[in-house]
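S.K.: Pasting a structure here, questions to come.
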Amino acid sequence: MATDDSIIVLDDDDEDEAAAQPGPSNPASNPVSPGPEASGPSESHGDGGSSNSGSRKCYKLENEKLFEEFLELCKMQTSDHPEVVPFLHKLQQRAQSAFLASAEFRNILSRVLSRSRNRPAKLYVYINELCTVLKAHSIKKKLNLAPAASAESSGDNPPTDPPSDLTNTETTASEASRTRGSRRQIQRLEQLLALYVAEIQRLQEKELDLSELDDPDSSYLQEARLKRKLIRLFGRLCDLKDCSSLTGKVIEQRIPYRGTRYPEVNRRIERLINKPGPDTFPDYGDVLRAVEKAATRHSLGLPRQQLQLLAQDAFRDVGVRLQERRHLDLIYNFGCHLTDDYRPGVDPALTDPTLARRLRENRTLAMSRLDEVISKYAMMQDKSEEGERQKRRARLLATSQSSDLPKASSDSGEGPSGVASQEDPTTPKAETEDEEDDEESDDEEEEEEEEEEEATEDEDEDLEQLQEDQDDEEEEEGDNEDDKSPASPSPIFRRKEFSNPQKGSGPQEEQQERGLTGTPASPLEASPGLPSTDAESSGEQLQERLLAGESPVSQLSELDMEALPEETIPSPEERGISSSRRKSDSSLPTILENGAAMVTSTSFNGRVSSHPCRDASPPSKRFRKEKKQLGPGPLGNSYVKKQTMAQQDSGWKISVLSTPSSPLASVGPVADSSTRVDSPSHELVTSSLCNPSPSLILQTPQSQSPRPCIYKTSVATQCDPEEIIVLSDSD
């Protein structure tokens, strides 16, 4: 009987056994007193009862013998794990006595024992199966309280024993009638199960072609439908037999989870992954909702970010463990009755090279198709994410533009002088771009500042190098022109007339060509776009006055007055005051480090420095660096006049603002003595920014905050070999 591997179908003895099954108190008395004294009550029931009890005793003795043989086999095979045998003993003691003396337990033991002897490598699988069966038929703790309570009551009140015996016999009779009534259903379900198993085996033996995969009635789909029906029949049969439907598969094992430090969250996640029903794989959203519910119900007080981190860690851990369980279930249950006799050393692909090559080709094809499917949906996901990102950027830009509209309307309003302030068309774009960059991230702003500092340092180095070269050229020219009088008005500029005066002349185009950028911030600054005809006329007037030999200072002052708006043109009284100040300033001796007089702001190739004084903004970073390098000296309180000139293709545009001595006046860099020329103004050569006069500062409205402005000069566009300034040495 022990070596029998087939499933034994229950015979009519089980019906008699179930019919003659005693109450809960009788099975406990039978094992304790198996002698002839206990056989008295059974003899009173007749010959049928004695035969049933005899069959039960035979089953029990046989089951005990089979269980001992299985334990001996486990001792030999599981010497590395000695705790296996005591664990099996404990489970047997906790099992129900009726189940231990049943034919079902005998069939399970015989099957497990025979398979363990044939396949010792899978011994632990069969041990697990036996443990699952014993746990399913173990005595529950709640059921153990009833016999104890009845025993106490029987001890205290002996006359109540006969009614309890009557109730036990009544329940036994009802159970026997119910069992006899469902006997026919059980037999019918068993026949259906056998029929389904035979049909499934027949379908598994059929060859499946690739063309049949799309057929809705293919053998593979028929087999899947029959297996689902078989599972439902098995569950119904277990309900009728009042036994557990667990089969010991890995997929049925409960997964304990202790991944977080919060027991409430652990219990919620464990309940989620061990939910009864189909093996569903929870996604990140399910885990996050479970964590949030646990935190809300138990008032954990965790922030949103920490809940997300907990959910992410739990999702990774749970996903790995569920994948491992599915993989093990696939390994244990893969195949069919055709692969039951498979051994690792008898693979036909090891001896047949054609089959091995075909299997490798099929595997390569399967992996390539799998990669195509994965890449397809990965690209679809990337496209959807990119589309969402672009929509988000569009919304942010729309909101930023809507917030910039009131600012632009306030900036375009009328100033205190009654004239609408106009802005340079290049500045709003730069300001909006800077604001967007500031709103996006501060790192980009720091990188831009570093790049600007590097660019200004490179420009300073280029300017210094060009200044040294020009100084050498000026010294050579000064040696050749010593015979000329320093006071005689010599021609200063020799300029080539442009053949095409109609070439686009605008301040914006000129600044783009020469690399100049400015940010006006007050209504006192010049309008951004003078007409080309005005620029040409101003250039012609400048050329005529230069040829007539007029003083450059007067020329520059008159052109400056013409360029300024009407409200900013000084009255005759103010002109007299400014002229008196200019005379007093010119009468004061200004001392340089080498004792030379100050000269005009003339560029290296004969042009006037193109750094327009725009507003009362604080000095730029470059100017602060120059001021630090300058340090305290004799020029700290000197009077410096900045002259600015911007060359256009059709003429010259010059603006001059005088800066008298004031606490607000900034100190320009010290010019080298080699840059001195014979000029009527006798002022310092400088190319730094200038501050406006106090009168202009007072006219600036207090409500308008000064804006920083950066002026960049491209040295490469200034050095024109055809425009030469003839310099003379004043010494």
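Glycine too: its Cβ is placed from the backbone N, Cα and C atoms.
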S.K.: So one of SER488, SER522 should carry the feature phosphoserine according to Swiss-Prot; which one?
M.R.: SER488
S.K.: Ranges 256-283, 368-395, 536-563: which does Swiss-Prot label coiled coil?
M.R.: 368-395
S.K.: Where Swiss-Prot marks phosphoserine, which residue is it, choosing among SER33, SER527?
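M.R.: Per Swiss-Prot, the residue annotated as phosphoserine is SER527.
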S.K.: Average the pLDDT scores across the region 'Interaction with SPOP' (617-731) and report the rounded value.
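M.R.: So the average pLDDT across the region 'Interaction with SPOP' (617-731) works out to 46.
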